[in-house]
Structures are given as C-alpha cells and as structure tokens.
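Heads up, the thing below is written out as structure tokens.
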C-alpha cells in the first residue's frame, strides 16, 4: 500500500529530507563530492518534535499499522506450525519451543526492519519488505550487540548503562539509512549523540513518560499502546535525523579502542550473571553435586497402584510399583529402621529407601528388621528391599520368612524377593509355597471381590524367573477338617471362656509388672496399650503416676490416647488435671487431644480456661466440639460469652451444632439471639443440619427446658440402603457422608464394605476417609485388609493412623 504526496501536507521539507538525502537502503552513500556542512545547530524543542512526529504518524499510519498487524499474524501462524512436533510426540516439546522462539525472533526482526524503512519513505508494505530483503540477520545482530552492551553497562553500576542507553539508541536507524553494520552502527550512533546526550535524554524521557501514561489507562490503555507503537519509532527517527543534520557529513573512521571496549562490555552483559551465580554457589554447590548425582540415579519406594486385567478380563488386581526419587544417607535410614521408637510407617519407609540405595551394607539391617520387627509392614518392606539389593546374605532369612511368617503380605514379598535374587537354593521352599492356601481379596470389574492366592502366585513367578515351570497346587488339607464343625467351635469357645475367667477373677492385677510394661518403649505398642488399660482398672495413686508418665512421654498416639482416657477418673487430682490440660493444649495428635477433652471433668477455673482456649484456638473441629459441650455444662456467664463468640466465628457445621446445643444447655439469656444470628448467616449445603438444630434449640429455650439435650436433628433415621447412597453422594456435605459411614460401620453388615472402601480410597475429605477406616475396622471384613494396607500411605496423618489401628484389629482378631 502506498500513500499519496498529499498525505504529507503540512510537514516541511526538513521533516522528511532524510528520504532524499541518502541512497536507497542497502547502498552506501557516495563518497564523491565535498562533504556537506551542518544544516542545523540544535535540536528542535520537545513540543515541535512531538508535532512533527504526529504529522508523520498520520501520514504513514495505514502503512505502518499494516506492517505491525502482519507481524502479529505471521507470529501466530509460524508458532502454530512450530507446535506440530509437540502434537506428534511429547518428547518433541523441546524442539517445538525452540522452533517457536526462532520463528518469533525472525518474524519480528523482518517486520521491524521493514517498519524502520517505511517510516520516512513514501512506499507501500510490499516495497518496504522487498527493500529490506536479506538484511534480517544483520538487523538481529545489531539488536543483540545493542542489548548486550547496554546490559553490560548497567552491570557497571547503572550510570554507565544509562549513558550507553542514550548513546546507542539509534544504531538500527544508522543501519537502515546508512548501511553501517555491526559495531560500526553502534559507534556511529554514539558519534551522533555525543555532545547532545542530555538533550536527547530529556526528549526520550518525556516520550516514554507520555507513552506510559497512555498505556496505563484502564481498558483502553493496551489498545492505545498497540495503535501508537509506530509513534516512538517515528519520534526516534526524527531525533536521529536532526542529530545527523547537526553533525553534517563527516568522515567516519571507527576507533579500534572503542570497538574493543564495546566488545568487553558486551561480554560482561551475558557472562557476569553466570559468574556471580557460580561465585555464590561456590563450595556449597560443589558439595551438593555428589548428592544430586546420587539423587538422579537413586530410587525410593513411593507407592502407586496400577490395575492389571487377567487373560479373560474378568478380574483385576493391585500391583505395587516403585517410583524413582532421591535417596539419602543410608546410615540415617538404618538408624530409623532399627529404632523401634519410630512409628511403623517411618521404619517401613526407611526400609524402602535402603532397598533402593544399591548399597549392600544395608542388607544386615534389613535382615534384622525382617526377623525381629513386630510390624508386618516393616517386615514386608524389608523383604522387598533385600530382593532389590539382590543380597545373597538375605536368602536364608527370606526362606525362613516364606515358611514361617504369619502375614500373607510378608510371605508374598519374601517369595518375590527370592525370585529377584535368583538363588537356586530357594527352589525347594518356593515349590512348597505353591501350596500356600492364604488369599487376598481384590476387586472384580463389577465392583465385587475375588480371593487370590497371592503367595502361591508370587512363588510361581519367582520360579519362572529361575526358568522353572511350575503350577499353583491345591493347598494341603488341614488336620482340623476331619473334625465335625461343632467340635472345634465348642472347644475354642470353652477355652476362651475359661481363659477369660481365669484372667479376670483368679489372677490379681500385677501393678508393678503393668507399670514396667507401660513405660518400656522397647515393648510393642499393643503391649503398652494393654498395660495402660490394665492400670485404668486400678484406682490408686501409683497407677495414676504411671499413666501420667505414659501420657507425657510415649511416642505412639494410641498409647497416649488410652492414657488420657484413663486419667479421667483422676480429674480431682491436680497432677492428673495438669497433665490432661497440657495434653489438651499441646499434643500433636488430634485423637489424643480429643481423648483429653472427653476425659477431663474438673470444673475449676484453670480447667475452664483451658477449654475456652481450646474452643478458640484448636484447629481440630472435634476438639472444639468437645470443648463446647464441656463449657455448656458450666452454666457461667463468661463461658456462655465464649460460646457465643465461637458460634459467630465457627465454620464447621457439626461444631456449630455442638455449640448451639451447649448454649441451650447453659441457660444463658443471650443464647436465643446468638442462635438466631447464626441461622440468618448460615448458607450452603450444610444449612439444613444447622437450621434444624437451631430451630429445635430455640423451641427448648422458649419453653424453658434449656437443660434438655437438643437431639431432634439426630432422630432422623435412614435405612441401610439410604446410608449406602449417602456415603457415596459427593453432592452431600462431608458431615452427612461421614454420618452415613459411621452408621454403616456400626451396622455389622459386611455388604457395606465396598462402599466404605470406595470412600476410603476416593473421598476428597480427609475426615470422611478417617471415618471409613474406623468403620472398616469395626466391620472386621477381611476383604478390607488390602485397602487398609494401602491407606497407611494416605497424605493425611489421621487417615494413616486410623488405617493402622484398624489393621491392628484385624491381626488381633486373626
């Protein structure tokens, strides 16, 4: 597109004399004839310069805007084409990124070269692109030099960067108009500006200040910035043209010293940040390098679950695979593994890391854990770790485990590990394991369960790795099978009754022995918990002191939980009271804090203050709910004030219900107004539960029966089938799903197991998953054993703890 001569009306010949005073772009000016003297002695004023720029902008508007729009269009099309490799394969994403960068760089350089050429010339878009053909790389090279030198100047304490930014503002115009390339264009731009630097700085400062103000206008600013893109380019061109007129024609001979100086500064620009980073990292970076290298090759057992179909596609099973991650210092992992004060999942995780370390020194610690650890999870991970290490020293312990360990999961891992080690000594025991009768429940595609003989399958796979073909054999008939069913049942029942009678009636409680067991951290969690339960039956001060020590010092949350519950009968004792108050305010486990809130019955002022603090500050809604219930029984004005303040701020629906009930029980005159205020503010899915409880409470208050518990909201009963649907309905509030799961757990009907397992594995709310773990433990369905085993790796600590507690119930019942 071209413009008519009439487009330049109102602009003096001086404004556009550059187009006639130079040869076409790409051709050096003729050196024949005498040099022309300067035609100008100073720069135009800022206002006059803006006026000239606006005149050229209007005259050349459509040509310049079309070049800019063409630039945007070509960038979009080129980038779209460059993404094709990424669509073909994800591995080619890096290539696509490089291609997109090169396309954008080339297209912008090509279009801006045409734009610079078209500013002073009466030419169309096509002519501008044709005249600058073959000059794109030179244009890019000058841009790179310009940015590098200026950046290097800013690294030399800012002031040199500002000076160089002014000096080197015009090299692209020098290239387009005078065909000076590379460093010569930079040096000639500097030659034009020197002596007029401050004047140029003031004019450019005003220009960019005005452009910034226009760009900051809400909504219209970005559009104005796009439309006015040519304006600063025209302004700079006219400034360059006036500087050229001031200098006149002169013989330009680039100084070698200046070139060397610019090269040094240009190198400082990109290299100085790298040098600074290396100097900062220094020795620390070199120290971390071996760790990073080990981390790149290390593997750590992170549990992932994959579903695999069998040949007929009718069943699926769980396969545990290992994800790569960094491994740490094996000495620390060995200490973690062998220290029984650590929780079982911590010891199991350490065993995983040792197995992935590749260090044979870890084998001895893993064998010790395999033989002696009371947790089947730790023994299972130790067996798998020995297999990954291919530790020959682990063959005999693994064979012993395969033959004698009580846990089907440990025996399965032992068989798998023997196959990894591939020692032929294990062939006999593995063939014997083909008859192992133990099964593990797993899913079918229709959501039902099937039983799989996991140990026998693992033994068959291990023998296959040893190139021995073997089939799973029918389990050997048990000796008890020839006895009529009623006989063994009767014998077991009678024996159990006799033993129970002997323990409770004839054997006195040995306080000394129980105290020693409760405080011995070398004992298992189960043994310490049983000792605490035994001491709770006593009512003497010595038992109380032992329980206090367990509450303060035991590392296991479930032991501390039983200790807190056991101290409830000693609430009148100051030592017991102090221990429970400290537990309520500072124990890390929510279950222990809940137990303390349940057990603490004293009504002295310090205890009341502890409950008020828990109501305000505890992060667990259950603890806040127990605290509210306690405070509702105090019937003091200041406790009612605390309940009212808490009700206004509480976000958890179940806790709001507890506070409403507590306020009703308190008999405070302000309770009705506080409850009404809460009902007006309540919204969302949980509104029905809170509103029902609040309306019931208001009725009780109105009839002056404030001490009666508000239970109308829990009288609504659901059928078993309705609770199955409620437990899996994600549109319901989590509190309703949790209530349904709790009811299913108490139903005793094992047909609820699939629904509870789904909630344990998939519900997004951690509290619901905790309730599912508890409910599965209550039902005692062996089909839940595998899901509970996997849930001990849940991201939520409460879910892990409840899953582990339910697994312990399974093992105890077994």
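Placed from the backbone N, Cα and C atoms, the Cβ positions cover glycine too.
Range annotated as transmembrane segment by TrEMBL, chosen from 223-240, 241-258, 295-312: 223-240. Of the listed segments 22-55, 260-293, TrEMBL assigns transmembrane segment to 260-293. The feature transmembrane segment, as given by TrEMBL for the ranges 197-217, 323-343, sits at 197-217.
The feature transmembrane segment, as given by TrEMBL for the ranges 157-176, 177-196, 357-376, sits at 157-176. Only pairs six or more apart in sequence are counted, and the transmembrane segment (223-240) with the transmembrane segment (92-113) gives fewer than three Cβ pairs under 8 Å, not enough to call it a contact. Outside the transmembrane segment (157-176) by six or more residues, the chain places 25, 112-113, 116-117, 132, 135, 138-139, 142-143, 145-146, 149-151, 185-186, 188-190, 192-194, 197, 200-201, 204, 236-237, 239-240, 243, 265 with a CB less than 8 A from a CB of the stretch. Long-range contacts of the transmembrane segment (197-217) within the same chain: residues 42-43, 46, 49, 163, 166-167, 169, 224-225, 228, 231-232, 235-236, 239, 243, each at least 6 residues beyond the stretch ends and with a Cβ under 8 Å from a Cβ of the stretch.
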